[in-house]
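Q: Here it is, the structure in full.
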Amino acid sequence: MKEEQRSLLLTSSARFPPPQGVRLSYGTAGFRADAGLLQSTLYRMGILAALRSLKTNSSVIGLMITASHNKDSDNGVKIADPSGGMLSQDWEPFADSLANAPSPQQLLHLINEFVEKENIPFEGVRAEILLGRDTRPSGESLLEAAKQGISSILGAVAIDVGIVTTPQLHWMVRARNKGVKASELDYFEQLSSSFRCLMDLIPSGITFNEVDNKLVVDGANGVGGEKLEVLKKMLDGLAIEVRNSGKDGGVLNEGVGADYVQKEKVVPHGFGSQDVGIRCASLDGDADRLVYFSVPSESSSKIDLVDGDKILSLFAVFIKEELSILNKEGHKNINSDYQPRLGVVQTAYANGASTDYLRKLGLEVVFTSTGVKYLHEKATEYDIGIYFEANGHGTIVFSECFLCWLESRNNELSSVFKGSEQQKAALRLLAVSKLINQAVGDALSGLLFVEAILRHMGWSIHRWIELYQDLPSRQLKVKVVDRTAVVTANAETVAVSPPGIQEAINAETAKYPQGRSFIRPSGTEDVVRVYAEASTQEAADSLANSVAKLVEEFLGFSSS
């Protein structure tokens, strides 16, 4: 490293001392903490983003300042890789070390060591980083800290894209690295034009009544509500009312948003008896999660929830149907030897009723460990991989090989059987590949896809809710001395350590009709998480408590 570079890093890092007595850890959500603790972290993640760009042959890297569904006083940062996906897991330990280095000298030593180990080119190379932030008041000063970090690496350039949703930033990074248009307007235009295409291809004879045609969206008082107000002006045939857009004095994520609605199963602020029977949706604070809900009666704040499992099921039903139309026999001149692999990816937290429903449809369902990075990685193994967590975070990933085949299949069909059902299926799937954000879960693109499918099927939200009945479930946390004593296998569905605990869980689970239970160590605190489901709520509660007691017996510590 040249003296000029060393001097620049030492001088600039001295302006951003790390907070005393705080240790931060880079997880699936990046770094998150009280915004007042994050100045030095943002500065240092600016450095990491610049190094990541240099390492990946000057690819564009994203840096998003958000704490998603956390309270307004928190903030955070996550890095987007060239694919638009999350930061490579190999770099997470370096992110931790960088954030927690106690002095400028140790920070410089760490960077030097890492640059040599990774063989990162430093001389005369350009690095480019897109910076985005959500609507939190702390975002602006944290943005400045990140810019300082980026400019402390010679040849690194920061491009501020302003206030955006997290998925928009990921989309822009992916688009820039593919060499296609990547502004916010390009994002809106791609979503609205592909949505229009799906609407134009709705089978004739499908009708929607006035109630079913209306959608009311809770914007969590965050950036998603603000952006949906812009997007809805570009859409025809969809009546959207946005509430909690952040403009009416509401507080971000306070009694609003997808996380609140999914966990509490009650209406968000601003919703109530006036919404009985109307289709409602909720975005989270940075618009990467989406859930739907219906208000069943005027006398209660309870809701009928449509979570990520049911959104996944709707997507899977539609894609499976379009693939089967596309692969129908009958057109002898058309080569249809290629059989695309469709896979559904869930975690053990997915409701057992959703997994049963998907398997009965003949779909391949696989499990991964908890965390979006594991789900996304597994989904990329398929031609079409669909994944969702119950919290409403998920997307669809299409392989390049499948999209090339689909393009050529559409061209063949349009030259021989233009306007046939098969060609329409090809056009629909091509439109879906452009509508859905393949980089990351995106509440805005997901919402438009849901709306297109419901119209295509002629379904009300009530018909959708009735796809299957969720099994009652219960989640508990058990405090333990050492969470690492629990080791799991088979995507966290089996505990292999401590010895004998899984057999004891199996014996307990067998006592309950449709019983299922698993344990897993928390990633952040010394607790073991217990999940249980069964045919009734009483049985699920009882099973969860029994398994929690087993955890206490085997790990010999305190109460749940």
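Here the Cβ of each residue, glycine as well, is placed from N, Cα and C on the backbone.
TrEMBL feature annotations, pasted as is:
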type	residues	note
DOMAIN	59-90	domain 'Alpha-D-phosphohexomutase alpha/beta/alpha'
ACT_SITE	S68	active site, phosphoserine intermediate
BINDING	S68, D284, D286, D288	Mg(2+) binding site
DOMAIN	126-177	domain 'Alpha-D-phosphohexomutase alpha/beta/alpha'
DOMAIN	212-291	domain 'Phosphoacetylglucosamine mutase AMG1'
DOMAIN	307-459	domain 'Phosphoacetylglucosamine mutase AMG1'
BINDING	E389, A390, N391, R520, P521, S522, G523, T524, R529	substrate binding site
DOMAIN	479-549	domain 'Alpha-D-phosphohexomutase C-terminal'
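I'd like these features described in context: how deep, what's nearby, how far apart.
A: Tertiary proximity for the domain 'Alpha-D-phosphohexomutase alpha/beta/alpha' (59-90) is limited to same-chain residues at least six positions away from its ends with a CB under 8 Å from its CB atoms, namely 26, 28-35, 38, 41-42, 45-46, 48-50, 52-53, 127-134, 136-139, 142-143, 146, 150, 166, 169-177, 220, 251-254, 257-260, 284-286, 288-289, 372-373, 376, 438-440.
All chains included, 26 other C-beta atoms sit within 10 angstroms of the C-beta of S68 (active site, phosphoserine intermediate).
With a cut-off of 8 Å between CB atoms and residues at least 6 apart in sequence, the same chain places S68, T165, T166, P167, H393, V440, G441, D442, A443 near D288 (Mg(2+) binding site), listed in sequence order.
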Q: Verify whether three or more Cβ pairs under 8 angstroms connect the domain 'Phosphoacetylglucosamine mutase AMG1' (307-459) with the domain 'Alpha-D-phosphohexomutase alpha/beta/alpha' (126-177), leaving out any pair fewer than 6 apart in sequence.
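A: Answer yes, regions in contact.
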Q: Provide, as an integer number of angstrom, the distance between the C-alpha atoms of D284 (Mg(2+) binding site) and E389 (substrate binding site).
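A: Spelling it out, the Cα of D284 (Mg(2+) binding site) and the Cα of E389 (substrate binding site) are 14 Å apart.
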Q: Please report how many Å separate the Cα atom of D286 (Mg(2+) binding site) from that of N391 (substrate binding site), as a whole number.
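A: The Cα atom of D286 (Mg(2+) binding site) is 14 Å away from the Cα atom of N391 (substrate binding site).
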Q: So which one is it: of the binding-site residues P521, G523, which has the fewest other Cβ atoms within 10 Å?
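A: Minimum Cβ neighbour count within 10 Å, taken over the binding-site residues P521, G523, occurs at G523.
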Q: According to DSSP, how is the domain 'Alpha-D-phosphohexomutase C-terminal' (479-549) divided among helix, strand and coil residues?
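A: So the domain 'Alpha-D-phosphohexomutase C-terminal' (479-549) is made up of 25 helix, 21 strand, 25 coil.
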